[in-house]
Amino acid sequence: MLTDTQEAQVTSGSCDARDARDAIIVALDCSKEEALHVARTLKGRARWLKVGMTLYYKEGPAIVAELKSMGYNVFLDLKLHDIPHQVHGACQSAIATGADIISIHALGGYEMMNAAITAAHEAREAGAAAANIIAISVLTSMNEQALNDIGIHAPVADEVETLARVAKKAGINGMVCSAWEVERLSELFCHKGLFVVPGIRLANGETNDQQRVATPSFAKSHHATHIVVGRPILQAPDMCAAFDAIAADWERCS
Ligand code: C5P
């Protein structure tokens, strides 16, 4: 296991969000056929795709390999949360897919997050390209009432910060949080790492099941390095136009 003092290290140069195409991660919460259609349609625009549970549980590691072979960076968003031994093994398997970013739940605690980072460290020592491991704080679909319902009585921002402090101590490479908390977490990590913000909507956009939503430019101005966008692109009549609108909003903030 790694030590408490290990600093979060970001392993992949491709994670630097230079422009909108490096910052926008398109969430493929759909079938393989739809996912490949999205990948072909957005080729030349998007650089990042997100494979979540819907797609991965059906298609397995092959879908990551296929998207990588098309030239995409892949965020494998499996939100791992189990005992440390199991998460260590799951991360080894997830890293072997070639994914660039892998997510775990910070709620799993220090030992679990440390086990995930250890798996990445071991892969790197063995000469493999190891993914960045990032930790989910509080899901953007949850608000304070939803936290109260499960016995967490802290304000959302405080709970997010508590989880981020533990994640930093475990050596995690970045955090997933809403745009409303990202500035504080970026400061906490001394602006080093990946700060990935879902719950992104253009002004007047449909929020769906998301609670803590914000625009791309708001997220960027609060130090998000990446934004995750699913339904606003996948359910748009013109996916390219929807991607371009999100990109234009991101670029509005210099
Ligand atoms: O469709 P929409 O843009 O709301 O999709 C958001 C994506 O971000 C989903 O794939 C979801 O799994 C992911 N996500 C989230 N909240 C988090 C972490 C990830 O909505 N805290």
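Placement of Cβ uses the backbone N, Cα and C atoms for every residue, glycine included.
Residues or ranges marked as domain 'Orotidine 5'-phosphate decarboxylase' by TrEMBL: 23-246. If you look up TrEMBL, you'll see Asp29, Lys50, 77-86, Thr140, Arg201, Gln210, 230-231 marked as substrate binding site. According to TrEMBL, the active site, proton donor annotation covers Lys79.
With a cut-off of 6 Å between Cβ and the nearest atom of ligand 1, the recorded positions Asp29, Leu78, Lys79, Pro84 reduce to Asp29. In sequence order, Cys177, Ser178, Pro198, Gly199, Gln210, Gln211, Arg212, Val213 constitute the residues six or more apart from Thr140 (substrate binding site) in its chain with CB-CB distances below 8 Å.
In the three-state DSSP assignment, the secondary structure recorded for Leu78 (substrate binding site) is strand. Distance between Cα atoms for Asp29 (substrate binding site) and Lys79 (active site, proton donor): 14 Å, as a whole number.
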